Amino acid sequence: MKALLTLGLLLLSVTAQAKVYNRCELARILKRNGMDGYRGVKLADWVCLAQHESNYNTRATNYNRGDRSTDYGIFQINSRYWCNDGKTPRSKNACGINCSALLQDDITAAIQCAKRVVRDPQGIRAWVAWRTQCQNRDLSQYIRNCGV
């Protein structure tokens, strides 16, 4: 009985853990989902963005005390504008999704919402981390030896 309880707790802890992609795995998934060149944004920019926003972690969250919003998932998509978490005052939910969808190991919803973000006038500049860590830099290291 004790062994079954231990096994159950172990399985529960494994399912609660986030998927943390490596850069090449992420680059291949993003390329397969049409992100390379989407709205003029190169694949290396997306990988750089994900590294600096979430360290490639699908379950990353960051609460912003100032406007009481939260950033969700591998791209740290904000609940004030892009998704609904049921907690953020005056949320716009421009992606039309629940924020929990951005925390899945399957990042399809996060990719679709990121595409929606870059269709806005700010484009990829909507992400502070991209402006401070990726913009105007040589990003070739982010996709080097990835076969993409």
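A Cβ is built for glycine as well, from the same backbone N, Cα and C atoms used for every other residue.
Feature annotations, courtesy of Swiss-Prot:
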SIGNAL    1-18  signal peptide
DOMAIN    19-148  domain 'C-type lysozyme'
DISULFID  Cys24-Cys146  disulfide bond
DISULFID  Cys48-Cys134  disulfide bond
ACT_SITE  Glu53  active site
ACT_SITE  Asp71  active site
DISULFID  Cys83-Cys99  disulfide bond
DISULFID  Cys95-Cys113  disulfide bond
Point to revise | Shortest C-alpha distance to Cys146 (disulfide bond) - which of the recorded positions Cys48, Glu53, Cys99, Cys113 | key: Cys48
Review point. If you count the other Cβ atoms within 10 Å of each Cβ, which of the disulfide-bonded residues Cys24, Cys95, Cys99 comes out on top?
Key: Cys99
Check your understanding: Are there any residues in the same chain, six or more apart in sequence, whose C-beta is under 8 angstroms from the C-beta of Cys113 (disulfide bond), and if so which?
Key -> Phe75, Ile77, Trp82, Cys83, Cys95, Ile97, Leu102
Check your understanding: Should Asp71 (active site) be counted as helix, strand, or coil on the basis of DSSP?
Key -> strand
Practice item. Could you tally the C-beta atoms, other than its own, that fall within 10 angstroms of the C-beta of Cys83 (disulfide bond)? Key: 29
Exercise for review: Tell me, in order along the sequence, which recorded positions from Cys24, Cys48, Glu53, Cys134 have their CA within 10 Å of Cys99 (disulfide bond).
Suggested key: none
Review point. Among the disulfide-bonded residues Cys48, Cys134, Cys146, whose Cβ has the fewest other Cβ atoms within 10 Å?
Key: Cys146
**Study point:** Separation of alpha carbons, Glu53 (active site) and Cys134 (disulfide bond) (Å)
**Key:** 11
